[in-house]
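According to TrEMBL, the protein carries these features:
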TRANSMEM  A:21-39  transmembrane segment
TRANSMEM  A:82-108  transmembrane segment
DOMAIN    A:87-380  domain 'ABC transmembrane type-1'
TRANSMEM  A:129-150  transmembrane segment
TRANSMEM  A:181-201  transmembrane segment
TRANSMEM  A:213-234  transmembrane segment
TRANSMEM  A:254-276  transmembrane segment
TRANSMEM  A:334-352  transmembrane segment
TRANSMEM  A:358-383  transmembrane segment
Amino acid sequence: MAKPVGASRSSLLNDPRTRAWAFQIIAIVAVVALGWYLFQNTQTNLQNRGITSGFGFLDNSAGFGVSQSLIDYSEANSYGRLFFVGLLNTLLVSALGIIIATVLGFIIGVARLSPNWLIRKMASVYIEVFRNIPPLLQIFFWYFAVLRLVPNPRQSLDFMGTLFLNNRGLYVPAPVGAEGLTAMLVALAIAFVASIVVFRWAKAKRHATGERFPVLLTVLGLFIGLPLLAALVFGAPLHWEVPQLQGFNFRGGWVVIPELFALLVALSVYTAAFIAETVRSGIQSVSHGQTEAANSLGLPAGKTLRLVIIPQAMRVIIPPLTSQYLNLTKNSSLAAGIGYPDMVALFAGTVLNQTGQAIETIAITMSVYLTISLTISLLMNVYNKRMALAER
Amino acid sequence: MTTHTFKPDLPPPGKTVGAWAWMRANLFSSPVNTLLTLLAAYLIWLLIPPLLDWAFISATFSGTTRADCAPGGACWVFIKERFGQFMYGFYPTEERWRVNLTLLIAIVGAAPVFFKAMPRRAIYGIGFLIVYPVVAWILLHGGVLGLEQVPTTRWGGLTLTLVIAAAGIAGALPLGIVLALGRRSHMPAVRVLCVTFIEFWRGVPLITVLFMSSVMLPLFLPEGMSFDKLLRALIGVILFQSAYIAEVVRGGLQAIPKGQYEAAGAMGLGYWRVMGLVILPQALKLVIPGIVNTFIALFKDTSLVIIIGLFDLLNSLHQATVDPAWLGMSTEGYVFGALIYFIFCFGMSQYSQRLERKLDTGHRR
């Protein structure tokens, strides 16, 4: 007479599955209703203010100049082109910031673990000071306090006749292509292909015989030797155009505008403090047994570090490192505070004020950052899956 | 029978104790280390004496105007003269006691939570979190109980920074916990909604969120309804921060062994009781350091409200430095601001690290 399991439920209301369904339907209906309500309000509000929604405004002429642009841009160009100006400026400051912050962060992270007491303490002080001060304040400090002390172009601070710092920015020599450029590029391409071949061959040999081939030295030799040879045969690939003082300003070379300079210094210094902590904890996460085991196998200190410690530490370091890179990219939006023409300052700032297209400009700006973040997270997930330890 | 008397212990070898030995081990253990030490010492020599000279020795502490300041040193007179503005913004001078009282109530009221001997700490803490915002609003905004009304546009300085940070965390915490539970839910629709919400806010910079809340939020509201600027900024901050809190809490939920869920289920507890009585108390305790770290990030992020024109600490400093009467005081102003932010953030991070060591009950395996 036994009833089948589960048949004794008295009411449909007490069945967890029914309740889960009901709950989910309620949740979705609530979200859709909220969305619809907001949409309706927005429609009414836009109509009342006489704003036409849509992305048609992107074709209109922008009518204002930009202090730094990586592509050709003039006041007559459209808002659509302005979008790319802003995007490229954001990517430029992020890319440069990431490079500087990584180098600085790794040096300080390693210094934090140094056996030298003084170096260790200095690294800690750096980390604690810079990560506990808001990045925007640091940007303001560099821009409004430090760069204000810099003299005008005629009294520029001169670094060995090549770099000049004044209140219009940092002037650096610009590379200009010369006759040997093509030969140099070909040489680099050959070196690149050859390095891949050498790398594969060395790996196969190591797997087959256990012998190590000095890959790094060979690759370095290829990358330095071949271009050098090309330069000797076909002439110098580049010459440097050094900035010259003419009248009241400098001509030639590249100029890093003060906004970019302040933003770069502040973001790199701030993010480097976090990267240093990531690097430190990554290195510390490799247990001491690994070092001892490597020593007992007879590996010298350099090889222990290169073959045992660093590969294992990198596994721990890379995920938080990527999120620091993402943070730096997102923090580059603080540019709006000092008027560096990045994505946010141009689009969510100036364009929004000029056109009144609040929803469109903010949606465009947010989707740029969302795309960057989600792409990187996706790549990170793939990386984590590949790198995950095979747990037994 | 002979009595043996021990000779006194020999002193340890001179090379292993004392300042000299310590220096040999920590500063001059190898040629490379010696070089590094000398380089570092040179760097300190380059940086510290001029800094001390600027900040203290050549600095001016007394006076009332810029003319009183000696050139070549810091002009702390500027900070002294504008201190009230940095702390309270444009809050009326004769009403500033209300800000002080609000802060005092916060400190006195929150103190029992940190004493282990206090019975029913958790219940008291939750009660305080519910009652305090009401008290703080009445005191700061006024308009009732015979208190003069001070509109939020006059709030500013460190007061506003603290208000945004405190309201931000108080709003983001409950929302974040709900989102974290939603993300771990077995119901696919709920999970997808929560994941979308969290990933959206985590993927965009706070500045764009603030822009959104200041220009888009008014469009979303029905006609004739409007929020004041501070509230709009707070909504943006709370939504943004709740996504980060959700991720921290999720970490805690994942660290609780599955046996805890199963045991609670076997006792016949339903979902909300399993979570409320068994899982969350353990998980939240685990993530307190993480929440403190999120709060530090929030505290630093409050400085971004300058972009939408609120007068927080950073904006008060900035406005004071562009005042024609005090031109050229940017360095003093920003150094002072940096010091205040540093004291708060460093203090909280030390507390969080201490908690982390204390709470390490071996759950993570």
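Glycine residues also receive a Cβ, built from the backbone N, Cα and C atoms like all the rest.
Residues 179-180, 182-184, 186-188, 190-191, 194-195, 198-199, 201-202, 205-206 of the same chain lie 6 or more positions beyond the ends of the transmembrane segment (A:213-234) yet place their CB under 8 Å from a CB of it. Outside the transmembrane segment (A:254-276) by six or more residues, the chain places 67-68, 92-93, 96-98, 100-102, 104-106, 108-109, 111-112, 123, 126-127, 129-131, 133, 135, 138-139, 141-143, 146-147, 167-174, 243, 321, 324, 327-328, 331-332, 334-335, 338-341 with a CB less than 8 A from a CB of the stretch. The transmembrane segment (A:334-352) shares the most Cβ pairs under 8 Å with A:82-108, out of the stretches A:21-39, A:82-108, A:129-150, A:358-383.
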